Amino acid sequence: MTRVRVRACLSTRVRFPRKGPTPLYDDHNLNCSIASPRSTQPQTCSRLRRAKQRHRGRSMDVASFVSAVGCKKLQPPVEAGIRYPGMTNQLVQQLTVLPHYYEIEYVCRGDRELVGPRVRRCEHNGTWSNENTKTKCLERCSDSGLVLKHGRAQLHSAEGKLVAGAVVEYHCLDGFRLHGSPRNVCTRRGQWNSTAPRCLRDGGDSNEAMGHNRRDQEKNKTTGKRALYIGGLFPMSGGWPGGQACDPAAHMALDDVNKRPDILAENELKIIHTNSMCQPGLATKLLYELLYKDPIKLVLLPGCSSVSTLVAEAARMFNIIVLSYGSSSPALSNRQRFPTFFRTHPSATLHNPTRVQLFKKWGWTRIATIQQTSEVFTSTLDDLEDEVKKAGIEISVRQSFLSDPTIAVKNLKRQDARIIVGLFYETEARKVFCQVYKEKLYGKKHVWFIIGWYADKWYLKPDLAINCTAEQMQEAVEGQVTTEILMVDLANTRGVSNMTSDEFISRLVKNLTKTPEETGGFQEAPLAYDAIWALALALNKTAQELAKKGMRLEDFNYSDNTITNEIYKALNSSSFDGVSGHVVFDASGARMAWTLIEQLQDGKYVKIGYYDSNNNNLSWLNTDRWIGGSPPPDRTKVVIQFRYLSQKLFISLSVLAGIGIIFGCVCLVFNIYNRNVRYIQNSQPNLNNLTALGCILTLAVVLPLGLDGLHISESQFPFICQVRVWLLSIGFGMGYGSMFTKIWWVHTLFTKKDDKKEMRQQLEQWKLYVTAAVLIFIDAVTILIWQLVDPLQRTVEGFGKENLVGDDVEILPQLEHCSSRKMTTWLGIVYTYKGLLLLLGIFLAYETKSVSTEKINDHRSVGMAIYNVSVLCMITAPVAMIVSKQQDASFAFAALAVIFSSYITLIVLFVPKMRRLITRGEWQTEQHDANKTISTTLNNEEEKSRQLERENRELERIIAEKEERVRELRRQLTERQQLRARKPSAAAAAAAASASAGGGGGGGGGGGGGGCESPHGNHAPSPGPQARYKQNVAAVSCLVPTHANTERSARPDNALSAKRVQLMYN
């Protein structure tokens, strides 16, 4: 068939909303993919782009857009579907029209055959290709209708397919004549309306026409019976060597059946024996030889499930009944896949209800499984998983292996598997338990459930694939529990074979070459014996029915299902008592039976109970025995133990916090009582009251902080969490907020420049209160939003298992916390805000350490308290988060930080006030304090006046001394002038001119000499020093000029005569 390439031109990432129109194409997402080299595809993409350009700017529905350039979407035919390449289901549902050149593909459901065009394409004219040819999905008939030996079958059907409506015409070769209808029609149900005809040799009988070997039709020379052959596939070795016992049992049954004159009187059953070794590959070769070599086999008799699966699936093509004696795979119960399969061995799913009952009986709710990778074990385990889920049992570990179970067993140990269900063949079982011994996955802590159809001493058989001794293997398998279908009649009654179960076992043992314990399949031997009897009874019944139609069992051939159908009906209605109990088949062809429960005790399998799955009845024999005296738990028992707070620590810190609360109340009462005292009033008592109240609330949080599951119930825990966060937040906001308010306003008002000194004189009280209220309000709003959006709840934190108390008991510590979904986010917000507030408080306290003001006289104490609170908080917050998993350390650290910070705050702020009022007796009211202040002010003024008088007298003394010095200098000047007057007239004239010049200069001299004159004249009277001081007269300057040739005065103090001296008094 030519492969059809699908082409699509569409937007690969179009998104469609539930409602409203949506643009079909996106410029960035348009993807035109060409799957074939045709040139029409690019044209289609171009056409779609042009259509997009025409509709640009308009909002259109997808279907409306494509309708202009596509074909109407087709409806799928009956029992068929349509595949839309490149489209999602949502897109297909919205589209009513598909774009040009888009191709769809029809797909049939189930096993139906498609007739008609498989692919249709939307043509450029808006029609679909092959529009006049319908596509149908029809039932298919088997190929047996085309098989005609010594002839040919001509098929007349659409597209040459074997579907409903197909007609086959038969024609025989020369020398043969047609026996049956020359025409066969495939009905709507997929079945031929008649049996395929046969080509008989002219002048010969039907046996010759069917090509039977002459040996097949020869009568037994002794009995005169015709032989009917059974193809037996007995596994004499391999994973399950069940053929070692089942083959002798089957031959015993053949001997017994062939001796019965009332069963198959004209026929004799024979088995063609082969060894499948439980290998599907080898079984395929043997099956081919059995089918394509004479004689024809009426029935196939496989043993292993893996071989039965292959044989039964192929047998339907040859119209052969398959009857198994040792297959337990649940997959074989599928009638659609294995329509001609029966088995005397019940399905392995019968083990699962038994296992579930045992799990319930011993109180196990957690199991583990390990399986060999094989269909029989996989399907069994899938069914077990469904059963345990219904019973509320958990499969904690599910391991599988192909040939080496080492890794799987190690994983079981790693996952602490205790109750283990093992599904594997006998040879792999030895590998598993050898590894189990190495991993110590056995003993009183573990229970193994394995398959019960192994040989009794299977674990002692020499095996080169393992390196464990027999003693080690026996130690590893001790105590295991097996479940096996009950394969012998408990009542030990005589059935159809006129033999009891005990008689059969005795007879079988005589035919074995080894002991029963060493013989594979010994337990399944009764099933093989009853399988031959079930087949013989069914063939006997079939022969009677065929006789009515003029046919015999010898007429069977692989292309005719007439005899097969009769055998099927006979087997399906079988019901007799055999050596394995009552034999009856269910609708899937499986045997219904009881389950035997055994336990390996001291190297021997001991029966401990039976289970009837039909009646849900568990018969217990009370013979089970356990290494530890009782069934082990299904897991290491984990005892949940909560980590509670040390009561001694809790009581100690609670008492300490209680004392602090009492002390805070005393401070609060003291501050309120003395609020009118001047010293207290200047410390802002209302803010101090708020500080004391905040410390009380903060100390009160110690009690709920230490409450845990030991004191309160789980339902009360969220309320305690709320109390903790509210007390701590509001208490901190009141206590620290009031102190921060003081230090803030001290810094704001008393660290300003001189030009704003007037603002310092007045500190309005309402500003302090508003600042404190804002800080408290921010805390309250933050906590309120937190608790409304993401309230605190009780959360349990688990820790690693520790403190192993016993062999199967461990302690799982758990700790209760107050937490929310976004706990980290909320803590980050709170810690950021509080941290900035604490840092700012430290900064302000440092900046105002040298400020002195009577408006807030305790701001230095407030700064000290802020230092301590900030340091404690900044250390406590991160450390408390680090040690949060240690309940005692976490509580102690948080509680002590709260207690210390509260104690320090109360002591620093209130104790000095108490001490001052007590030691100095400053208990006066505000009026007395005001009078005292006025008196003190007056005394200070008098002291200042006296000080000024002392300074004035000292200045007067200094002035008098200076005046005396001035008079002395005047006298000396006068004397010098008199001396000059006595010189010659020329010298006098020159001196007079010089003196005149000096006097005109206001007492300054630049030349040879000069005099000292008053501004009022030389002879002006000089006022006394007292008058000059009091009247604040103008300064008097005296300039004394000197000359090098001037004669010196005889007085010792005339050394200043050579210099110019200027004295100035203000």
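Just so it is clear, glycine is given a Cβ too, placed from its N, Cα and C backbone atoms.
Sequence annotations record features per position, and here TrEMBL assigns compositional bias 'Gly residues' to 997-1012.
Summarising the annotation, TrEMBL assigns disulfide bond to Cys172-Cys199. Counting every protein chain shown, the Cβ of Cys199 (disulfide bond) has 21 other Cβ atoms within 10 Å. The secondary structure of Cys199 (disulfide bond), as reduced to three states from DSSP, is extended strand.
Taken from TrEMBL, the feature domain 'Sushi' applies to 139-201.
Taken from TrEMBL, the feature transmembrane segment covers 649-674 (among others).
Tertiary proximity for the transmembrane segment (686-705) is limited to same-chain residues at least six positions away from its ends with a CB under 8 Å from its CB atoms, namely 653-654, 656-658, 660-661, 664-665, 667-668, 671-672, 720, 723-724, 727-728, 730-739, 741-742, 765, 768-769, 772, 858, 891, 894-895, 898-899, 901-902, 905-906, 909-910. Positions annotated as transmembrane segment by TrEMBL: 686-705 (among others).
As annotated by TrEMBL, transmembrane segment applies to 725-745 (among others).
For 766-789 (among others), the entry in TrEMBL reads transmembrane segment.
According to TrEMBL, the transmembrane segment annotation covers 825-845 (among others).
For 865-883 (among others), the entry in TrEMBL reads transmembrane segment.
Per TrEMBL, the feature transmembrane segment maps to 889-911 (among others). Sequence-distant contacts of the transmembrane segment (889-911) (same chain, at least 6 residues past either end, Cβ-Cβ under 8 Å): 645, 649-650, 653, 656-657, 660, 663-664, 667, 670-671, 688, 691-692, 695, 698-699, 701-702, 705-706, 728, 735, 739, 858, 861-862, 864-865, 868-869, 872-873, 875-876, 879-880, 883.
Long-range contacts of the transmembrane segment (725-745) within the same chain, counting only residues at least 6 positions beyond its ends with a Cβ under 8 Å from a Cβ of the stretch, are 684, 687-688, 690-691, 693-701, 704, 763, 767-768, 771-772, 775-776, 778-780, 782-783, 786-787, 792, 818, 830, 834, 837-838, 840-841, 844-845, 848, 856, 858-859, 862-863, 865-866, 869, 898, 902, 905, 909. Counted within 10 Å of its Cβ, the other Cβ atoms near Cys172 (disulfide bond) come to 22, all protein chains included.
Here the transmembrane segment (865-883) has Cβ contacts under 8 Å with residues 735-736, 739-740, 743, 831, 834-835, 838-839, 841-842, 844-845, 889-890, 893-894, 897, 900-901, 904-905, 908-909 of the same chain, all six or more residues outside its ends. Predicted-model confidence for the domain 'Sushi' (139-201) is 80, expressed as mean pLDDT.
Cβ atoms under 8 Å from those of the transmembrane segment (766-789) belong to residues 684, 686-687, 690, 722, 725-726, 729-730, 732-734, 737-738, 740-742, 744-745, 820, 826, 829-830, 833, 837 of the same chain, restricted to positions at least 6 beyond its ends.
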